[in-house]
Amino acid sequence: MSNSAVSSANSIKLTEYSHGAGCGCKISPKVLTTILASQLPVFTDPNLLVGNQSRDDAAVYKLNDEIGIISTTDFFMPIVDDPFTFGRIAATNAISDIYAMGGTPMMAIAILGWPVNKLPAEIAQQVVDGGRQACMEAGIMLAGGHSIDAPEPIFGLAVTGQIALTDLKQNDTAKAGDRLYLTKPIGIGILTTAQKQKKLKDEDSQIAVNAMCQLNSIGAKIAKIKGVNALTDVTGFGLAGHLLEVCQGAKLTAKLDLDSVPLLPRALDYLAQGCIPGGTHRNYDSYGEHLPALTDHQKAILCDPQTSGGLLVAVSSEAEAELVALLNAHQIEPICIGSLETPTSTANVVLC
């Protein structure tokens, strides 16, 4: 790249070229339900073990009696200004869906939408390199891709993985009595909105980036614990939205200890400054009827859209110590945020 191109690249702020940010770009659960309500006859394949019926993180196809193939895709608009970091975050987020099923990634294909008349191709190159870096960290190749001229920058991956069928974890198989653990703090939507509002301090920006660039590779190890009954990642629908998928799929109620939910440093300070993403309101409008009465403060935390968020684990009390030991061994703070129980009311989530 020429010196003039480098100078131009350094002055470009990618978030100014998009109307949304990261997983906050997701179509709301309510609208998505309408989109997926197909009028066509249902086609079934006995080898498709996981489809979109349970809104799980990825599709799983039975290859033989022992191995399944995992397929997923995820892409979004810039959540940070730096192109390399944007690509790395987007790729890390896409790969996470493989880990959330308990699998290991095999390869990835890039998905790129780029406003070629607004942003230099050299910037797109940096975005793709960021994606390539995340793939390298996951031990896989960025094996190809597809690009289009688009009005806003978009980047992500289609990822293929594999899973030993005995280790397959889903989001709708939790059991009453399971304890709930979360592997990353909440608050990405709040901090990235603070960035758009030019309120985010540099040190807090780096904390958010570090969290979003952390691979959820621990999921493949968590899946080998037999007492882990359900597993998913927390992304654009927020903690409450993904917890509701766990509860509704298994017909259980979550007893959530809101005070135990880990938050990114100073997330509450930015929340007090009004840094609430639009995705938070869309999330609450979509599933708020299934939640208990919440203050605006509680809504802002529970419905905050995450990008490359952590894993939500439902584990039996008998296997809880094994999970805690595994997380500690990988320098992940084991944080229990609640439990699952047989419903005693119509509420899917209650606060304790």
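Glycine is no exception: its Cβ is also placed from the backbone N, Cα and C atoms.
Listed in Swiss-Prot:
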- Cys23: active site (ACT_SITE)
- Lys26, Ser54, Arg55, Asp56, Asp74, Asp97, Gly145, His146, Ser147: ATP binding site (BINDING)
- Asp57, Asp97, Asp233: Mg(2+) binding site (BINDING)
- Lys26: site 'Important for catalytic activity' (SITE)
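The structure, with features from Swiss-Prot marked on it.
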{"residue": "Arg55", "record": "ATP binding site", "CB count, 10 Å": "20"}
{"residue": "Asp57", "record": "Mg(2+) binding site", "CB count, 10 Å": "28"}
{"residue": "Asp74", "record": "ATP binding site", "CB count, 10 Å": "25"}
{"residue": "Asp97", "record": "Mg(2+) binding site", "CB count, 10 Å": "27"}
{"residue": "Gly145", "record": "ATP binding site", "CB count, 10 Å": "16"}
{"residue": "Ser147", "record": "ATP binding site", "CB count, 10 Å": "15"}
{"residue": "Asp233", "record": "Mg(2+) binding site", "CB count, 10 Å": "23"}
Exercise. Around the Mg(2+) site (Asp57, Asp97, Asp233), what further same-chain residues have their C-beta within 8 angstroms of the site's C-beta centre?
Worked result: Asp56, Ala58, Thr72, Ser96, Ile98, Tyr99, Ala100, Met101, Asn216, Thr232, Thr235
Problem set entry | From Arg55, Asp74, Gly145, Ser147, the binding-site residues whose CA lies within 10 Å of that of Asp97 (Mg(2+) binding site) | Asp74
Problem set entry | Asp233 (Mg(2+) binding site) and Gly145 (ATP binding site), distance between Cα atoms, whole Å | 25
